[in-house]
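Here the structure is laid out as structure tokens; the discussion comes afterwards.
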Amino acid sequence: MNNRNVNYNEDIFDYIKVSEDEDDTNAVEIPCEHDGTLLLSTLVAQFPGACGLKYRHPETKSIRGIRLSDGKLHPPSEAGWGKNLYLCVFPKENKRKMEDVSSENSAAKTKRLEKKLTCSDLICLGLPWKSTEESIKQYFEQFGEVVMVQLKKDKNGSFKGFGFIRFATYASQMRALAQRHNIDGRWVDVRIPNSKEGVVPQMPCKVFVGRCTEDMTADDLREYFSKFGEVTDVFVPRPFRAFGFVTFLDPEVAQSLCGEDHVIKGASVSVSSAAPKIKSKSNQNWKDDSYGPNWDGNRSGPSGGSSNGGNSNIDTLNMQNLGINPNGGGPPANFNLPISLVAAALNQAGWGGFLGGPGSSGPNNWQGGPPQGNSGKNWNGNQNWGQNGPPPSWNQGQGGQGWNNGKGNWNQGNWPNGQGGWGGNSGGGSGPAGSSSGWSNNNKPQT
DNA sequence: GTTGAGCGTT
């Protein structure tokens with residue numbers, strides 16, 4: 001990698017000093033990766049809510065930003081991070097740590113956030129047999145403070161392989177939901193439990209970025225938009241389609257950017273709600289929406305598709321540009337998808353709740369089922385939403401979760417073909433619907 | 001003592 005005179009072995013890390021402000025008495029030394037980068041997730045583990053780093057240049061005395069790309073913060077020079085004090089960058093409108101928002105007795109905004117962004121217990125499925133409440137707590141503390149861990153046992157006291165956790169803050173919860181989890185070599189499924197369906201109203205975390213230029217990469221968008229909040233996903237369709245999608249951890253950040261224009265690489269892009277422009281009432285077909293949902297399928301591919309050796313960091317999951325039909329929005333002609341997946345994809349695209357923009361009736365306006373007269377019946381055709389509306393899993397949209405997470409297929413949220421997408425589904429109705437054989441569990445190779 | 005889809009003694 002670089003020429004730092006470090007004799008790499010597993011036990012040697014470089015540490016960089018990070019603080020929330022230029023008073024370094026509370027600075028924390030954070031380990032870099034062996035390639036000299038610092039993972040944003042490592043930073044966030046120590047400074048929850050942080051979305052980047054900056055530092056005061058010793059010569060110019062001005063603040064310089066640290067390059068963020070693909071979830072990695074890059075040192076400012078070839079020589080590495082040096083002895084600078086690095087300062088956390090927190091999202092706009094929320095200079096402090098997100099965690100502090102709820103712990104501080106500061107005002108209406110606090111209440112608003114607390115109300116909208118409510119924690120719930122999370123179920124952890126597929127835990128290793130050897131897990132203990134302590135080990136699970138320790139694992140999940142990388143996402144924020146863990147206030148509860150319950151591992152379920154039978155009458156004999158033997159562990160049943162699943163349990164519940166709860167984070168102190170919604171931000172932590174979303175962080176945990178935004179990735180896959182490998183604990184002691186097992187892929188552990190973390191979800192909002194069925195019994196809690198409907199209790200976590202969500203706004204879309206994803207925004208549509210229009211007027212992109214061809215030279216804008218996903219990394220460019222991520223880097224630019226990270227200054228507003230933690231970005232969990234970016235999708236730029238290829239071949240070039242002049243738009244992209246950016247997903248934020250915090251739906252409020254996403255909402256706050258809607259309607260704004262931003263300049264990236266010298267070009268003005270427009271940010272808007274990641275919902276299609278409804279041109280006609282007969283929008284059930286895909287022919288005339290202006291851009292279609294993001295048929296990216298870019299979430300939660302199993303380890304085979306990951307560029308970092310199976311680490312499920314969602315930042316590395318922009319693996320493919322599947323399903324984009326260059327002829328227009330919507331699925332390729334050979335898509336023979338169960339409608340449930342179409343529905344899921346809509347929500348992946350940020351349609352969750354069909355909010356119709358910030359001015360509409362808010363997160364709850366999705367109650368009562370989908371639009372266009374499908375009253376009470378969801379698009380799966382095999383279950384009803386009931387009075388609580390669709391399950392929140394519709395909106396989770398992260399980490400491959402929330403897809404049909406009730407029964408049957410895809411319940412691990414993992415893609416069967418190692419590509420993390422739909423590329424292998426060519427016609428014929430093969431695919432997820434009904435085929436429980438071999439697809440529903442990515443844990444098979446494990447013991 | 002084994003096991004691997006699931007949904008919580010409070």
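Positions of Cβ are set from backbone N, Cα and C atoms, glycine also.
Note: TrEMBL annotation is automatic and uncurated.
Small disclaimer: the values here were computed from a predicted structure and weren't measured.
Annotation comment: TrEMBL describes A:361-388 (among others) as compositional bias 'Low complexity'.
Here TrEMBL flags A:406-417 (among others) as compositional bias 'Low complexity'.
Taken from TrEMBL, the feature compositional bias 'Gly residues' covers A:418-432.
According to TrEMBL, the compositional bias 'Low complexity' annotation covers A:433-447 (among others).
Feature annotation from TrEMBL assigns domain 'RRM' to A:120-197 (among others). Averaged across the domain 'RRM' (A:120-197), the predicted model reaches a pLDDT of 92.
The domain 'RRM' annotation in TrEMBL covers A:205-276 (among others).
The region 'Disordered' annotation in TrEMBL covers A:274-325 (among others).
For A:355-447 (among others), the entry in TrEMBL reads region 'Disordered'.
For the domain 'RRM' (A:120-197), the DSSP counts in helix, strand and coil order read 22 helix, 30 strand, 26 coil.
In terms of DSSP secondary structure, the domain 'RRM' (A:205-276) contains 15 helix, 27 strand, 30 coil.
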